[in-house]
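A short write-up of the structure that comes next.
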Amino acid sequence: MIETDKLTGADRLPDRVISATPASTQEEAFERALRPKLLDEYVGQEKVRGQLDIFMHAARKRREALDHVLLFGPPGLGKTTLAHIIAREMGVNLRQTSGPVLERPGDLAALLTNLEAHDVLFIDEIHRLSPVVEEILYPALEDYQIDIMIGEGPAARSVKLDLQPFTLVGATTRAGMLTNPLRDRFGIVARLEFYTPDELARIVARSALLLNAAIDPAGALEIARRARGTPRIANRLLRRVRDFAEVKSDGTITRELADAALEMLDVDSVGFDLMDRKLLEAVLHKFDGGPVGVDNLAAAIGEARDTIEDVLEPYMIQQGYLQRTPRGRMATAAAYRHFGLASPRDGGADLAEGL
């Protein structure tokens, strides 16, 4: 059984086809339909999968609750999917909520006291828990107890309530914002990495099969190459390319058709869209390749600092188009080449690394 409280996401760019956050409730429902149910069906993240397989097997063998799990990494990489898989593999219920929803200690206490033995509580955006709610969570994680206040004023007293053993699965895109006391209470900590094109091609092929969409291996790989290492983006691009194939062709997704559809969507050969190119072009042209501070860059392109740091930058840095240095952001030689420009300094990438 899965019960879901209303989730409140961070600021989004919902009109971006390559956004790593769900654009609508309809898209979230689409994602659920494609979500793998078991660990064996989950593609990629081999190290994390291997660890979870061992830990879950051991917990089942001892008939214990799985240790608390912290999943962190960029959005769209499968943190929510893994939480659902953990609950299914352990044969228990899952309760799902998010940090911003838990405004008062009573909100969390109500969830915890309704958990059955070994159930999974999934808290997305756990870094956004309020301090007062987080304090309630500490004894729950360590001792399976919570302290609640009965009464008010001088007559108020603290009462301990015992909880059933449970597993907390926390997910965050900003692990650095977690407090040390909270982070230290997770026995299993796993970072999710961007996917390779081959892994994403396997995900696209599986999703196409579930959607009854005909696709050849080259078509799946072309979509994967432009999906920014993110399964959520790969599945969204697949939906749009499928529409294009049904209208402009016989419905079969080939490499040529995928290329034409993605060019129409303004997604270039490395997965950049208009916003990505706008950011890189600002660094290249307005700030002479950098270094430039993130606040100046945010003002130049009209986006929030958090959007740049959480949404736009990670993929560019991981792919080697942008560098963070003590003096600010710098475009690499790869960024100049992508726009057909000559780097104004010899060894520019090496120079940036030394700053």
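In case you wondered, yes, glycine gets a Cβ from its N, Cα and C as well.
The ATP site recorded in Swiss-Prot comprises LEU34, ARG35, GLY76, LYS79, THR80, THR81, GLU142, ASP143, TYR144, ARG185, TYR195 together with one of ARG228, ARG232, ARG236, ARG239, namely ARG232.
Here the binding residues for ATP are LEU34, ARG35, GLY76, LYS79, THR80, THR81, GLU142, ASP143, TYR144, ARG185, TYR195, ARG232. Their largest Cα to Cα distance works out to 37 Å. Whole-number maximum of the Cα to Cα distances across the DNA-binding residues ARG305, ARG324, ARG329: 14 angstrom. Nearest by CA distance to ARG305 (DNA binding site), out of the binding-site residues LEU34, GLY76, THR80, GLU142, TYR144, is GLY76. Rounded to a whole value, the Cα-Cα separation of GLY76 (ATP binding site) and ARG329 (DNA binding site) is 24 Å. Across the region 'Small ATPAse domain (RuvB-S)' (196-266), DSSP classifies residues as 51 helix, 2 strand, 18 coil.
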